[in-house]
């Protein structure tokens, strides 16, 4: 076993000893929040981990990388990468009883940048994640009507036909791009604020504030609904989906394995990235949540339970999604065939009912033989069920276009629409609880807010400030900004944070010390699996994924898809290059958080080198006192 531990002077003065830990827990029982029960804690963690990405990212990756074959690297990396880091975050938060900023500052003052980066990433993700929730609320509000507003095109101003943009695309496309986003044709064309979206964004932040106003005291009550209702809705959709025509075709298509994909490095890279992001690791929220546990809570068992639920949910959601996609593909296949049948009937004046899907090819042959010239004038569509099933859609396109189109073809469509968007709302809201925790707690640890200010005020100021910045997402170009942040702002920083977390605990805090801490908390030392993954396997996997991600993102040109009615292949999305100034934006939103970690470490090094020996001794004494009083200031 690797036993390298880097020098870390003063560590014992910055953290509580195991003997003092239980005493401090009793003393802070009245001042520090704690969970009402174990179920409340687990539901909160599950709600934070299981988010919108499980709904619209995992099914797409399965479909793109060999169906059932993708499950193999996903499950392997879930065990070797996801569970070990989850256990580490649970254990270190429970042991040091602080948020992310306090935890890493306690381990080493130079690691404060890790906590700061987690806070910045949580802030950026919350910034655009709640915008998605506002879109979900807009669709939810519009679901309480019959027919659904995206089921048919609106009439033009003269009432003589449909709006041209809708007629050339589809009702679901038109409602999403024009009625909802009123999207521009470029990220440079900002346009104006869409007031309906602004009101929905205000509602989203207001709901989040009410749910997080007192931290876990309020979120702990809400998660009983937000973390369980999605599973109820998913089960209802699965039962309904399996009764729809073509549902099994979608499920079979999803899980039909293409084992050749296992030899594709991109498949393993995407599986590793999906495991990492689906656990919401490195945001700091899980560390804060675990810090509210009892000292002797079994964090090892918690990490396994949450991991199993998360992995099961990803697969379960994929089955539900593709049962509906199978139904949608079958409907489109039937519509395509009906159009071809109608073309053949009209071209040869055949009696209705004489041509069916079963005899269509034979009737084509007969018509071609009887009048080749007339047959040559007919234009038939290509109807292939696999092509409809293979239309890989992820992200907002899956939720707001593909699924909404499928819902319009279901009986009692408003009911299914309401259920679907309530489910998405709960998934998004419960994930935002963790993001808010990852911002509020570090700000409290930084002491930038006067201690006399109540937590309700701090939470309100954060929600208000983020809401004001979120105005950019209500512009005509808002969707492009959101996609930009989602694609480039958080991936690299999160991977860097996760690697630093694992390295810091194992080689700065010391894995042997960590093992003793866990033995004290749960009654036994971590077994050989945890030792191997923490010391070697998990850091190596994260480093490989980080390097690959960095190489891919740096080497590729920044492009994005736009909705352009003037595009010659409309309604297909047009892919264009980002303007040059976007590169500067990407460097700022991705580079600043990433560079915070080494920058703060260098700052501490320079500061320590410039201090006089007497000042250093005084600093150690101060840190020791602050550590015992629970008031670390670095």
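Note that Cβ sites are derived from N, Cα and C of the backbone, with glycine treated the same way.
Positions annotated as topological domain 'Cytoplasmic' by Swiss-Prot, on the basis of sequence analysis: 1-41 (among others).
Under 8 Å, Cβ to Cβ, and six or more positions away along its own chain, residue 17 (phosphoserine) finds no residue. According to Swiss-Prot, the feature phosphoserine maps to 17 (among others).
The transmembrane segment annotation in Swiss-Prot covers 42-62 (among others).
Look at Swiss-Prot and you will find 66-86 (among others) tagged as transmembrane segment. Remote same-chain residues near the transmembrane segment (66-86) are listed as 253-262, 267-268, 271-272, 274-276, 278-279, 281, 286, 303-304, 306-307, 310-311, 314-315, 498, 501-502, 530, 533-534, 537-538, 541-542 (criterion: CB distance under 8 Å, separation of at least six residues from the stretch ends).
Under the heading topological domain 'Cytoplasmic', Swiss-Prot lists 87-120 (among others), citing sequence analysis as support. Non-local neighbours of the topological domain 'Cytoplasmic' (87-120) in the same chain are 8, 11, 14-16, 21, 24-25, 28, 32, 281-284, 286-291, 293, 295, 297, 299-300, 302-304, 437-439, 441-446, 493, 496-497, 500-502, 504-505, 508-509, 514, 517-518, 521, 530, 534, 592-594, 596-601, 604-605, 623, 627, 632, 634; each lies 6+ residues outside the stretch with a CB under 8 Å from one of its CB atoms.
When Cβ-Cβ distances below 8 Å are used as the criterion, the transmembrane segment (121-141) is approached by residues 52, 180, 196-197, 200-201, 203-205, 208, 282-285, 396, 399-400, 404, 417-418, 421-422, 424-425, 428-429, 431-432, 434-436, 438-439, 466, 469-470, 473-474, 478, 481-482, 485-486, 489-490, 493-494, 497, 589, 593 of the same chain, each at least six residues removed from its ends. The annotation transmembrane segment is assigned in Swiss-Prot to 121-141 (among others).
Confidence across the topological domain 'Extracellular' (142-192), taken as the mean pLDDT and rounded to a whole number, stands at 93. Look at Swiss-Prot and you will find 142-192 (among others) tagged as topological domain 'Extracellular', backed by sequence analysis.
Reduced to three states, the DSSP call for residue 158 (N-linked glycosylation site) is coil. Positions annotated as N-linked glycosylation site by Swiss-Prot, on the basis of sequence analysis: 158 (among others).
Taking the Cβ of residue 182 (N-linked glycosylation site) as reference, residues of its chain lying under 8 Å away and at least six apart in sequence are, in sequence order, 191, 194, 476. The feature N-linked glycosylation site is assigned by Swiss-Prot to 182 (among others), with sequence analysis given as support.
Marked as transmembrane segment by Swiss-Prot on the basis of sequence analysis: 193-213 (among others).
Annotated topological domain 'Cytoplasmic' per Swiss-Prot: 214-221 (among others), in sequence order. Outside the topological domain 'Cytoplasmic' (214-221) by six or more residues, the chain places 33-36, 40-41, 44, 289, 292, 433, 437, 440, 455-456, 459 with a CB less than 8 A from a CB of the stretch.
Residues 40, 43-44, 46-47, 50, 211, 248, 313, 316-317, 319-320, 323-324, 327, 410, 416, 419-420, 422-423, 426-427, 429-430, 433 of the same chain sit 6 or more residues outside the transmembrane segment (222-242) yet have a Cβ under 8 Å from a Cβ within it. Residues or ranges marked as transmembrane segment in Swiss-Prot: 222-242 (among others).
Outside the topological domain 'Extracellular' (243-268) by six or more residues, the chain places 59, 62-63, 65-70, 72-73, 77, 318-319, 322-327, 329-331, 333, 385-386, 389-390, 410, 548 with a CB less than 8 A from a CB of the stretch. Residues or ranges marked as topological domain 'Extracellular' by Swiss-Prot: 243-268 (among others).
For residue 258 (N-linked glycosylation site), applying a Cβ distance below 8 Å and a minimum sequence separation of six or more within one chain yields 66, 67, 69. Annotated N-linked glycosylation site per Swiss-Prot: 258 (among others), in sequence order.
Residues of the same chain lying 6 or more positions beyond the ends of the transmembrane segment (269-289) and with a Cβ under 8 Å from any Cβ of it are 41, 44-45, 48-51, 53-54, 57-58, 61, 64-65, 70, 73-74, 76-78, 81-82, 85-86, 89-90, 92-93, 98-101, 103, 115, 118-119, 121-122, 125, 216, 307, 310, 314, 431, 433-435, 437-438, 441-442, 491, 494-495, 497-498, 501, 541-542, 544-545, 548-549. Among the features that Swiss-Prot reports, transmembrane segment is placed at 269-289 (among others).
Cβ atoms under 8 Å from those of the topological domain 'Cytoplasmic' (290-304) belong to residues 21-22, 25, 32-35, 38, 41-42, 45, 83, 86-87, 89-91, 93-94, 96-99, 103, 216, 518, 521-523, 526, 530 of the same chain, restricted to positions at least 6 beyond its ends. Annotation source Swiss-Prot lists topological domain 'Cytoplasmic' at 290-304 (among others), citing sequence analysis.
Remote same-chain residues near the topological domain 'Cytoplasmic' (435-456) are listed as 98-102, 105, 115-116, 118-119, 121-123, 125-126, 129, 208, 212-216, 219, 283-285, 288-289, 462, 632-633 (criterion: CB distance under 8 Å, separation of at least six residues from the stretch ends). With a cut-off of 8 Å between Cβ atoms, the residues of this chain six or more beyond the transmembrane segment (42-62) that come close are 35, 68, 70-71, 129, 132, 216, 219-220, 223-224, 226-228, 230, 254-255, 270-271, 274, 277-280, 285-286, 289, 302, 305-306, 309-310, 313-314, 317-318, 321-322, 392-396, 398-399, 424, 427-428, 430-431, 433-434. Sequence-remote contacts of a segment are chain residues at least 6 beyond its ends whose Cβ falls under 8 Å from one of its Cβ atoms, and for the topological domain 'Extracellular' (553-581) they are 164-165, 168-170, 173, 177, 183, 185-188, 480, 483-484, 488, 491-492.
Same-chain residues at least 6 positions away in sequence with a Cβ under 8 Å from that of residue 354 (N-linked glycosylation site) are, in sequence order, 345, 363. Neighbour counts of Cβ atoms within 10 Å were taken for the glycosylation sites 158, 368; the minimum is at 158. Between the transmembrane segment (457-477) and the stretches 193-213, 488-508, 532-552, 582-602, it is 193-213 that has the most C-beta pairs under 8 angstroms. When the stretches 305-325, 414-434, 488-508, 582-602 are ranked by Cβ pairs under 8 Å to the transmembrane segment (532-552), first place goes to 488-508. The largest share of C-beta pairs under 8 angstroms with the transmembrane segment (193-213) comes from 414-434, of the ranges 305-325, 414-434, 488-508, 582-602.
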